[in-house]
Amino acid sequence: MHMLSLQIKDVEVLSCEYGKNTIKFLRLKREGKKHFVKEVEVCTHLRLTSAHDYLDGNNAAVIPTDTIKNIVLVLAKKNGIQTIEQFAIDICKYFMTTFCQVAYVKTYIQEVPWQRLQENGIPHIHSFICVPEGIRFCEAEQCKNGPLVVFAGIKDLKLMKTTQSGFEGFHKSECTTLPERNDRILCGELFCKWSYGECKDFDFDCVWNKVRECVIEAFAGPPDCGVYSPSYQKTVNSIQMLILSRVTLAYPCVRNDLHVSPVSSQVLIPVEAPYGSCTCTLGRKKFLEAQGHVLKEK
């Protein structure tokens, strides 16, 4: 039998974690005749204080992934889901306070966009419609003896403007075939993520709705005239600047990905995936400078 020359003592575990992905469920809350729903998908990963399970095959400290799933479901039943951000916080706190062998926990949650049906402005008591107006998601993570940090965001938000978009004055080389345009269609699928920093008492619903409003306003402009976009890079920056000016919480950065399919024609052929991509992370200088001083002190 071939013997490996490399021994366990010759290696060091740099990072190892495991967890349960795609825990999907719907939480139904009944208040008399009126019902409330939250349909979510949860992924929870753990890092243990030792790596004996990897190195020695010793599973004594391992919390089975099936147990992770059951804990998520029990917490949903016991605490409910007021917001996905608060539910992510509940999950992290449970693992950090219940299991001494857990050194790090991270939870990702995304919510199915169910909205209550309305008829003539009257909300229905128990009927809902799934509206593809962007997927709400969040992440929460915590290390042992460290702060609980919360992120939130919007993804799969599809936006389009049929004019007031162009792309001119760009660098040209012998490989350039793209013509300059001062009027084109801009169609994008947006991903926006921001950080709340250390966990505090936030109105997560209010912040998420306000950020989404800022995204739409900065992309589209005033309803009667719109706003011109000289590039989708500038549009991403306009979105970020409006968010940071309107939402006064001191979270450090807003990240935007805008995938675009710019075309210019009367008859258009949609594609499954966008052609271009733009990503930018923007942070408040005061926060970043403060973080720099903290790091220097440490």
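Don't overthink the numbers, they just go from 1 along the chain as shown.
Backbone N, Cα and C define each Cβ position, glycine as well.
According to TrEMBL, the protein has these features:
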BINDING   T65, D66, F167, R184, Q233  urate binding site
BINDING   T65  O2 binding site
BINDING   T65, D66, F167, R184, Q233  5-hydroxyisourate binding site
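Of all residue pairs in the 5-hydroxyisourate-binding list (T65, D66, F167, R184, Q233), the one with the greatest Cα separation is 52 Å apart. Here the Cβ of F167 (urate binding site) has 20 other Cβ atoms within 10 Å, regardless of which shown protein chain they belong to. Looking only at the binding-site residues T65, D66, R184, Q233, the densest Cβ neighbourhood within 10 Å occurs at R184.
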